[in-house]
Amino acid sequence: MVRWLTAGESHGPALVATVEGLPAGIRVTSDDIAAELARRRLGHGRGARMSFERDVVELLGGLRHGVSLGGPISVVVRNSEWPKWERVMSPDPVDPAALAGLGRNAPLTRPRPGHADLAGMQKYGFDDARPVLERASARETAARVALGTAAKALLRQAYGIELLSHVVAIGAAEVPPGLPAPTSLAAIDANPVRCADQATSERMVAEIDAAQADSDTLGGIVEVLAYGCPPGLGSYVHGDRRLDARLAGELMGIQAIKGVEFGDGFTTARRRGSVAHDEIEPVGGVGRRVRRATDRAGGVEGGMTTGEPLRVRVAMKPISSLTRPLSTVDVTTGEAAVAINQRSDVCAVPAAGVVTEAMVALVLADAALEKFGGDSVEETRRNCEGYLKSLVIH
């Protein structure tokens, strides 16, 4: 079983992440993690924080000379801005005199609509939103991306599974139908909004610029693709073992994600059955080989991978920190007020794709190891190859 946890606050000294259950023999380095974290910072519409903050990666355990050992892998992502926040966010008590007059320490008493602020204050009994927003912040996703790097490496090295994400909608701009190839990732990352279609990309940039001019924010839709999944990952036996249920749960756990769909998703609900499902057809050659004529299901049927590309989309809401804040209530007075204005992005949809890749990778790694077992990359690869050779229908 692959398990993972993160710890740390947005303006704390560091984020800490641990993943347990990955086999020995995965080739992954701190440079690989740093490269993935750099991808997370991509995208037109990111805020000023992306220009001066740096993710400093340190591997604490689970690897030796760039190869996993089979034990828990632990990563620290240090916050380069920590010296500015050392007193305000100190884990240990601080003399009140040292905090006096610090603007960063001013209580945040006007919760933002759409954010965790108010519900978090109510739940944990805080009279200040700072403790809530520090942990609820999407900064935490840097730790998930770090762990997802190891999971991606396993999927690629053991099973030949390749992941990529691309932005399919921002505001009213949406790409035409079509899937990018696994080799398109570099070109997608080079695009200012991580969109595979240049014409749509230009409209997305214009949407972001218009929102910024209006002191507003934008959400959008990201699609994640996994190529090379063998059939049979997941199970139909119980709901919590269905792969799509497991993926949906983790993807909905990403900050600001409000919806998940597989394949054609909600569009399928408006179709007749005769044009909603993927017909199965024979493939020429040796053995009883089959394929789906289409991939409307998104590579998952009955909670299991079909062997077709896994295709899942996530909907990200507009960021709730606005430079022209919405109406709220000041919790200290109970009077109407405008919400606090925290430094933020106009649009973080391109970055959301990198985060969703990481979470899909962790879930697929768990499902693959559940299916094939193995304490090393070589063993689980051998088990997968044996399974594929043994399939009566494949």
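Note: Cβ is positioned from N, Cα and C throughout, glycine not excepted.
These come from Swiss-Prot:
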{"type": "BINDING", "residues": "ARG40, ARG46", "note": "NADP(+) binding site"}
{"type": "BINDING", "residues": "ARG135, ALA136, SER137, GLN255, ALA256, GLY302, LYS317, PRO318, ILE319, SER320, SER321, ARG343", "note": "FMN binding site"}
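In the three-state DSSP scheme, SER321 (FMN binding site) is classed as coil.
Sequence-distant neighbours of ILE319 (FMN binding site) (same chain, six or more apart, CB under 8 Å from its CB) are THR217, GLY219, ALA256, SER344, ASP345, VAL346, CYS347, ALA348, listed in sequence order. The 10 Å shell around the Cβ of LYS317 (FMN binding site) contains 15 further Cβ atoms across the protein chains shown. Residue pair ARG40 (NADP(+) binding site) / SER321 (FMN binding site) shows a Cα separation of 19 Å.
DSSP gives SER137 (FMN binding site) a coil state; it is part of no helix or strand. Looking at the residues that bind FMN per the record, ARG135, ALA136, SER137, GLN255, ALA256, GLY302, LYS317, PRO318, ILE319, SER320, SER321, ARG343, the two CA atoms farthest apart are separated by 44 Å. According to its DSSP assignment, ALA256 (FMN binding site) is coil.
The CA atom of SER321 (FMN binding site) is located 13 Å away from the CA atom of ARG46 (NADP(+) binding site).
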